[in-house]
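Database features (TrEMBL):
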DOMAIN    25-86  domain 'Ribosome maturation protein SDO1/SBDS central'
DOMAIN    88-155  domain 'Ribosome maturation protein SDO1/SBDS C-terminal'
Amino acid sequence: VQILSKGELQVSDKERHTQLEQMFRDIATIVADKCVNPETKRPYTVILIERAMKDIHYSVKPHKSTKQQALEVIRQLKETMQIERAHMRLRFILPAKEGKKLKEKLKPLIKVIENEDFHEQLEIVCLIDPGCFREIDELIRSETKGRGTLEVLSLKDVEEGDEKLE
């Protein structure tokens, strides 16, 4: 009856602690999943990210989504370590008429152009910062009136392999 009238469930300290620990781990996992060391392009381990979060004394906010907090953690970790969001690899195919003009508008949003092909249409394979994706998508849609295509080739450009742990 108490819970129904007050609308609150009492959570024990131990439960709350477990919940916050789980969120801390989830945030670290998201960060490790989305980020790389910019020098090596290799991902960081979850354990290393957890340690770094402890070093900056990051405290979990129980009423904020783990994804939001992960983006916050990335910003904070940039001040103390080499870390950045892994780039997304995209391919866009633009109609020849708008291609040249649109490429100039897209250039500031592109990190690396890996491949460019211009025949009947302009095809570009490039790496971008994931934060720019929505802007690029909207630009292509509005400028080509739906005739341009944008394809995500990989969500994160990461170097894999070579490192063996014995």
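Counting begins at 1 with the first residue displayed.
For all residues, glycine too, the Cβ spot is worked out from N, Cα and C.
Computed from a predicted structure; not experimentally measured.
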Helix-strand-coil residue split for the domain 'Ribosome maturation protein SDO1/SBDS central' (25-86), DSSP-based: 32 helix, 7 strand, 23 coil
Tally of DSSP helical, extended and coil residues in the domain 'Ribosome maturation protein SDO1/SBDS C-terminal' (88-155): 29 helix, 31 strand, 8 coil
